[in-house]
Structure formats: C-alpha cells, structure tokens
Amino acid sequence: MSKILIIAEHLNGKLNASTAKCVTAAKAIGGSIEILVLAADPTGVAAEAAKLDAVSKVVTVADPAFAVATAAAYAPTVIAAAAAYTHVLGPSTTFGKDLMPRVAALLGEAQVSDIMTVRDAYTFERPIYAGNAIITVKADPARKVVGTVRTASFAAAGASGSANVETATLPVSVPKHTRFVELKAGAQDRPDLQTAGRVVSGGRALGSGEAFDIIYKLADKLGAAVGASRAAVDAGYVPSDLQVGQTGKIIAPEMYVAIGISGAIQHLTGIKDAGTIIAINKDGEAPIFEIADFGLVGDLFKIVPELTEAL
Ligand code: FAD
C-alpha cells in the first residue's frame, strides 16, 4: 500500500491551498496520507493541515531556519523524513518547483513533474510542449516517487478531518550556508492570482501601465485578481508576478476574462483548466475566441469602462 508524504506549503502562519490540492492528488494515488510541516512555529499550520480530509497524520519539525521556506534549509529534513514513504509530493508552485527537484536529486530519484492526472499509484499524466500534448509517465514501483502536483488540475480536499499532530526530531543538521535575506512582493490588497476564483487579465493592447487602470477597476468590481500576458509584462505595464501562461502562473479560476490578449498557445496553457473564459478583443479572428465561452468583439477602451459602469 502506498504511504504518501506531502510537504506543506505555508506563508505567514497560514497553510496554502496548494497543500489541500496535493491531498486530492494523493487520494487518487490511494494509501495513507501524511503531511510534513516545517516551520519556525508549526502549530497553526499543523492545525489547519490536520483538518484536511483523508490525512492520517501531520508531522511537524520546528527550527528557526524554517521561518521562511528555502529549499536549501528544507531539503535535508524532507529527505530524512521521506525514508518511510513510497511517495513524496509537493505542489507545482514556486515553492514546490524550488524544493522538490532538490529533494529528488538528493534522493537520486527522477521527479515526476506537474502531475495533472493520477491513473494509478505509479502512472501519471502531465503536460508537455506547453500543454499541447499530454504524456503518460510510468514510475518504477520499486523506487520512491517524488512528484509535483499541478494545483490547477485538482480541487482542494475538504477540511472536516481531525488527524493527529506529532512533533518529530530528525537527526539532521539544518544547513546554515543559505540565509533568507528579503522577500520582495507586490502589495497584496487584491485576491491572489494563483488561487482566485475570478481573474481579469490584460494584454499588450493596453499600451501602458496607466491604461491598466481600467483592468484593475473591472477586477475590483468583480472581486477578481489581476493577470497579464507576457507581452504586457515584458513591456513593463505590470510586474512579472502577474504573468499568466507557460512561463508565468498556471491558474484555474472559475471565470477568466482576457482583455486585449490574442490567445497565443503559451498564454492559453496557463488557463487550460479555467472554467468560463470571456474574451474582449477588437479582432474577431483572434485565436482567443476559439477557446472563449463568451466573446466581445470591439475596442477594449470602450467596452471595459462600460462593463465596469454597468456592474
Ligand atoms: P498580442 O499577441 O500582441 O495581442 C494583442 C491583442 O490585442 C491582439 O489580439 C489585438 O487584436 C488586441 N487588441 C489590440 N488593440 C485592441 C483594442 N483597442 N481593443 C481590444 N483588443 C485589442 N505569453 C504569455 O502570455 N504567457 C506566457 O507565459 C508566455 N510564455 C512564453 C514562453 C515562450 C518560450 C515564448 C516563445 C513565448 C511566450 N509567451 C507567453 C508569449 C506569447 O507567445 C505571446 O507573444 C503573448 O502571449 C502575446 O501577448 P498579447 O496577447 O498580450 O499580445
């Protein structure tokens, strides 16, 4: 039977929803599911993790070096904890993409990245070629599976569980050669792009950072997060953490509004799992309309303020 360990992602004492999505992927694998929380003070995060459905145990390791999640500090402890498990999973977020390859490499295993479907405990589907094709990957059942879970492909597990929380002391010295210096993040007065139920994105057509104001206004009316195409990011209209797509964020909101975005494949791969897609573009032949559920053909500078006003 599989024994699955999920590495909890958390920030400022709160468990990230990505962990609950890993639990859903783990349920599809089948077997026992445990969560490892590494933190300076794991109490609050562990209590949240213990509530996730199907989790049998939460293991915590406290160390001041875990105050901020750095892969260098986390990895040796994860490896020591991983010994007793058949699968070690993390989310395919910035956190997991940083940590899990290091864990896999130190364990001498090949990582299964970006799991979007679990066929069985050792068979997974994942996207390749910017989401243009899906590959089925078979892991060796005789070896440990180290994997990252594409959070956009799994719903979050419910929170009606009550797992035991155990404090572990592992015979590992936490490396001190990597130190956290500073986190630079944009002001978080809007919903988080990666977890928001609604997202409004703007593209190159906006033409300037100032013009993006109409995107922010519509997003605020909808209670939505703001995203952008790479062209808009490269042109400096918005910061890079708003980029949606292959080299940006992979998201799965219930509603995605693409404004002045042509619909290049590298952008579409980021919204493959979105629910309702609405496109506003002056070119009726733009590829975005091929995947949009609703389309408005016209000038965004006229339509978007009207829409915001009407809302
Ligand atoms: P454009 O393609 O220039 O489209 C602008 C659209 O706005 C057009 O359809 C136009 O008709 C419309 N428009 C213009 N004026 C108006 C108006 N007044 N009203 C309404 N509509 C208007 N792109 C991403 O987005 N995310 C990624 O992660 C990403 N990764 C990439 C990775 C690689 C390796 C490569 C090669 C490319 C990547 N790209 C990515 C870039 C991608 O190929 C496109 O260049 C980019 O998505 C285009 O952005 P856009 O749609 O904003 O701009």
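The backbone N, Cα and C atoms fix where each Cβ goes, and this holds for glycine too.
As recorded in TrEMBL, the features of this protein are as follows:
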- Arg204, 229-230, 243-247, 260-267, Asn281: FAD binding site (BINDING)
- 4-184: domain 'Electron transfer flavoprotein alpha/beta-subunit N-terminal' (DOMAIN)
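Cβ neighbours of His267 (FAD binding site) (same chain, under 8 Å, six or more residues apart in sequence): Ser229, Arg230, Val244, Gly245, Gln246, Ala258, Ile261. DSSP assigns Gln243 (FAD binding site) to a strand in the three-state reduction. In the three-state DSSP reading, Ile261 (FAD binding site) counts as coil. Residues within less than 8 Å, Cβ to Cβ, of Ala264 (FAD binding site) and separated from it by at least 6 positions along the same chain comprise Ser229, Gly245, Pro287. When Cβ neighbours within 10 Å are tallied across all protein chains shown, the highest count among the binding-site residues Gln243, Gln246 belongs to Gln243. Note on the domain 'Electron transfer flavoprotein alpha/beta-subunit N-terminal' (4-184): its mean pLDDT in the predicted model is 94.
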